[in-house]
Structure formats: structure tokens, C-alpha cells
Amino acid sequence: MPSKPAGTLYRGREGMWSWVAHRITGVGIFLFLLVHVLDTALVRVSPEAYNEVIGTYKNPIVGLLEVGLVAAILFHAFNGIRLILVDFWAKGPRYQRQLMIGVGVIWVVLFVPFVIRHLTHVFGG
Amino acid sequence: MSEIAAPRSSSRSRSLKGGGRNRSGQTNFELYSWLFMRLSGLALVVLVLGHLFVNLMLGGGITALDFGFVAGKWANPLWQVWDLLMLWLAMLHGTNGLRTIINDYAEKDQTRFWLKALLITAAIVIVVLGTLVIFTFDPCLDPSSTLSVCK
Ligand code: HEM
């Protein structure tokens, strides 16, 4: 065992950066989920307490962070499906490259309408 | 069971055993964990993307979110079950994912132990709290509620 985990800093092609991105988005989503359950729990305190905290989600800066969160979730979700297909679908490994492109296409197709709608709400257009 | 002092096995191999990661087939834990990540991932695609669509895309999106919005949703048992499943599956999936990451990066047994203890404690607190919130929610906390149960 090397004293530093040398194998974890991948340098290379798609499979490697997508693995790093899957990991980073997974941790980010998990941390957000912890906070999000806590803020939702305020519905047990009072309507005022809940509304005040949920109000911060409507602030423009937080609104931009939400765009980042959704970008991360969409990537993690469809990259996750790609991983599942590579593992379970007999032809998955042969279509690695196409699957990777598919993740990118679905990501753009879902992300663009979301950004437009969400920023319209946040910036009150 | 009586214990016989083990030959000097390295602390590392002991920790591998404890984590169920040995190759000699004592448990299938890692196999089930691998499978669970994939099955829960599939369910989460529907649960999480559905949640985002209904809360952020439909109607007023984020501007419409308030106590009344939550009350309206949880008046429907479908959304209670939806949110409960999403909470449990996302927490189990995320916690298990973080366990893998801790195993990958934390080298010392002590560091691993404490990071995992922190992870499991946080996960239990959040799952129990979230579950209680869904089941004990009282829409009538809002005096201006227009829901029929509050009249
Ligand atoms: C939306 C649908 C989702 C899908 C399809 C999905 C899919 C996956 C898959 C297949 C893995 C296993 C990767 C492997 O074994 O190498 C994984 C790992 C992981 N996921 Fe998800 N996931 C989803 C949602 C989530 C959510 C909501 C969270 C956070 C609460 C999350 C956090 C993680 C973490 C932390 C890992 C570990 C990453 C690693 O070991 O490198 N995922 N996901």
C-alpha cells in the first residue's frame, strides 16, 4: 500500500473524469440532502419559521446555487444510469462512447429548460 | 466464545475483515451493497427528478414554495409515500456511497472509525427526523389554512 492513495487521482479520458465527477456530485448532493431535511423539518416548528428559511432559497445568489445543484443531480443521475448499463447490459461495454455522449445529450436537454424556467422564477421575469 | 490471541495480523487486514471486504468470501456484504447502489439509483431517478419537476418546474416553481405548498402536497398520501421512499433510499444510497469513499481515502483505522461513526450518526438523525416530520406533520399549525381537515 502506498502511503498516499496514488490510484485515486485519475489522469485520463472520459471514464476517469466521469468517475471523479460522479464522486464529487454524490458527496455534494448528500451534504445538501442533510441540510434540506433540516430545513423541511421546520414545518413542525411553525409556518413562519419554515417560510422564513425557505425564503432564502428564493434569493438570487442561492437561486444560482440551486442551478448548480440541479446540474450536479442531473449529471449524477444519468451518469449513474450509464454505469448501470455498462454493468448489466451485455452490449454496454461495447457502446461506452455512445453511452457517454448520451449522458451529455440528456443532460443538456433537461438542464437548459430547467435553467430558463428556474432563473425566470428567481429573477422574477 | 473464548478468544485465542491472534497471530500478529496487521491492523490493516483486521480492518478489511471488519469492513467485509475480504476476498475469502466470509460475507457477501459488498456484493449486496454494489447491487443496492444500482437498484436504489434507478428508483431515485424517478423519485428525485419527479420531486424536482413538481416543486421547481410546475406552477410558480420556487416562488410558490411555502408552508401551504407542503401542506397541500402532504394532504395526499401519494406524496407522503413518495417523500418517505425518497428520504430513505437517498439516505441509504448516499450513506453507503460515503462509506465507500471513506474506505478509499482514510488510511488509518482510527480515522476510518471516527469518520464512519460520524456518518452513521448523522444518517440516523436525519432519517429519523425526516420520517417523524412526514408522519407527524400538522397542516392546521397554519391558522389561515384552507384545507378541509382544519375547519
Ligand atoms: C438520481 C438518481 C441516482 C442514480 C441513478 C445514482 C447512481 C449511482 C450509482 C450507480 C453509484 C455507484 C457507483 C459505483 O459503485 O461505482 C452511485 C454512487 C454514489 N451516489 Fe448515487 N445515484 C443517484 C442519486 C444519488 C443521490 C440522491 C445521492 C446523495 C444523497 C447520491 C450519492 C452517491 C454517492 C455519495 C455515491 C458514491 C460515489 C463513489 O463511490 O464514488 N446518489 N450513484
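Glycine too: its Cβ is placed from the backbone N, Cα and C atoms.
Going by TrEMBL, these are the annotated features:
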- A:20-41: transmembrane segment (TRANSMEM)
- A:61-78: transmembrane segment (TRANSMEM)
- A:HIS76: heme binding site (BINDING)
- A:99-116: transmembrane segment (TRANSMEM)
Same-chain Cβ contacts of the transmembrane segment (A:20-41) under 8 Å, 6 or more residues past its ends?
10, 50, 53-54, 69, 72-73, 75-76, 79-80, 83
Under a three-state reduction of DSSP output, how is the residue listed as 'heme binding site' classified: helix, strand, or coil?
helix
What number of additional C-beta atoms lies within 10 angstroms of the C-beta atom of A:HIS76 (heme binding site)?
23
